[in-house]
């Protein structure tokens, strides 16, 4: 009995230990999601904002019901109780959506689970719910679970994925097949289906980066019965695996950082990409880290990088371009938020200059001398130095005069080198007023200083040099008003100048510089007088004002100077001009003519001008009517009665308001016409009546008739003469002695009667060496009565003689170089060989006609 009791106690103790140990083991709790993947099913592809999808559960092991969740896809929001809702509208393009969810337990450890939102068909009535006793057709449907396959799966292949079925399979045997991309379309053969069971299998390894999903279509047909199921689309989703490293978009990255950039400011960004799924997984979530910095000065961690964005910023102060102008950073990009695959890149950072060095003048003081009265003169150049980067805005300089130039006489500008200030004068300096200027000049950069920097200052002492200045008229332009009828010699006004060189005690003399009308004179004391009569109506007077240039000259020995002043005389008008009619010639008809409008001008101004008065003078008042038009500014003139055609002088005396007048003569051409159609005929010529014209024409005709009768008489008388009218001393029959030196041509000894009669009226003139051509004899002009026409007369008769076939031999072409046989004249050498004149026989000269009678009488043995 004791033994049984002992055994019983041992069993009880053993059971207690077992249960106690089991209880202890069961009491250990591990925080985490209750599922690795939560699936939420929806019945449509378009999900609206605010829709509640489901709930994820997380065990904290501390009894808390609320947990901090974070969705990788920002379109989904997870409350602390695990409820998943949509923040904005989502469309399931592939029929599903997968994203990651993070949760943190009480110790701060992060946990991750997947959430899958997939579309499923609306719930259809299953075959178990159909009342077979009712004679009703039941709507059929497919049973297709979601299909997903992980990329890079190693099989074995073919690897079953899911089994699809149709409700017709309850009634009859079905044969299944699939079509679409990956089945019978490229890429072909990736997916297959068992014809009778409906198992869908994949035949090879898939790559999501090449194709993330495949769209198939399922078909079912009856084997034993004529049954065909409506085709159904199937989406096969390839889930991502982290099989791609991040890749930097460029390598290296280049950036610039100002040496005075504040801490935390981002100045450049590096980026990398990952081909893995970024929407549904964290396989493409990249984290950036700086691995090394070269040079590690002044501190090894001068820069920081944002792990998510890749933005690089300044972490520590101390960048100095003058010491370390470039840094090289080695950066890694790791996916899965820094826990996956990684790659390495480089960022090259160039430190750009900041204005941390103030420009400094090379000297603290300068001295310069400038002559007075000169503008634009360079006073001094102030060179500076700057330790910043050359040609940068932190290096180039600008200047300012801060003291010593209250009058604004100087300007300072940056020189071509951009490291010098150039002071110039912008106003003329006056030695007599200020002999010395002390200027304070500062220099700064175009860019602002970084931090508090001292400003360099220089002092410039400018000494003004005295030069001889021209006398100055005060005022430089003087206005006076005087009447234009001032008598010659009258004083107008004293116009004097002062010498600004008060220390020299110089004398000033005056001259007239420019006096266009020569009206003025100036005395040695500067008194301006009237030299010639003034005239306000002169062309040199503009707007009633006359300007003259006055000169003032000093007597400096080295460099005498001349000052100028302008005298403006406003001439007051007086009545010294009579009115004038502008139109001096008019034309009008003598019948029904409209009045001719005349305008009157007066050089004088009111009240010395209009209204005007007009008085016809002499016979004008008898033949012409003169009156003003309705405006009173224009004068109308017309004949009082019908006048004969001709030229008339119309004399009008025009007077102004004060009676200043003068006569105006208007030449009026009157034509025998009507109205305004002015057109003259030949009825009158130069004012001579018609009968006078006829008388003149008759006299001319009578004179022409008498001249014709006289000419006929002379021709008849000339035909009755037997002997030619050749004077004894005809120029062509004279013997000239050419051995007389100094003798001239008697070019005035010609017989006009020979030219007058013509050769055709002299029957004794003939040629026996030319056959007659029976051409009509030319007609020669008679001798003109007017001696001035002799030239024309000779030219015309010369042309007629050239064409006359009966012209004498001296008018024909002679060949003088032929002296052969048959020539009656023989050779000229015979004149020398003959012993006397009797050896020659000159009887043939008698045959040459009367033109050679004189020669025949001398040598032919005839009468003396």
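Note that the numbers count up from 1, one per residue, in the order the chain is shown.
Keep in mind that glycine also has a Cβ here, set from the backbone N, Cα and C atoms.
Quick look at what Swiss-Prot annotates:
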BINDING   274  Ca(2+) 3 binding site
DOMAIN    249-361  domain 'Cadherin 2'
DOMAIN    362-473  domain 'Cadherin 3'
MOD_RES   736  phosphotyrosine
MOD_RES   737  phosphotyrosine
MOD_RES   738  phosphotyrosine
MOD_RES   753  phosphoserine
MOD_RES   823  phosphoserine
MOD_RES   829  phosphoserine
SIGNAL    1-22  signal peptide
TOPO_DOM  714-864  topological domain 'Cytoplasmic'
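For the domain 'Cadherin 2' (249-361), the number of residues in each DSSP class (helix H, G, I; strand E, B; coil) is 4 helix, 49 strand, 60 coil. Counted with DSSP, the domain 'Cadherin 3' (362-473) comes out as 0 helix, 55 strand, 57 coil. Mean per-residue pLDDT, taken over the domain 'Cadherin 2' (249-361), amounts to 91. Around residue 274 (Ca(2+) 3 binding site), taking its Cβ as the centre, 22 other Cβ atoms fall within 10 Å, counting all chains.
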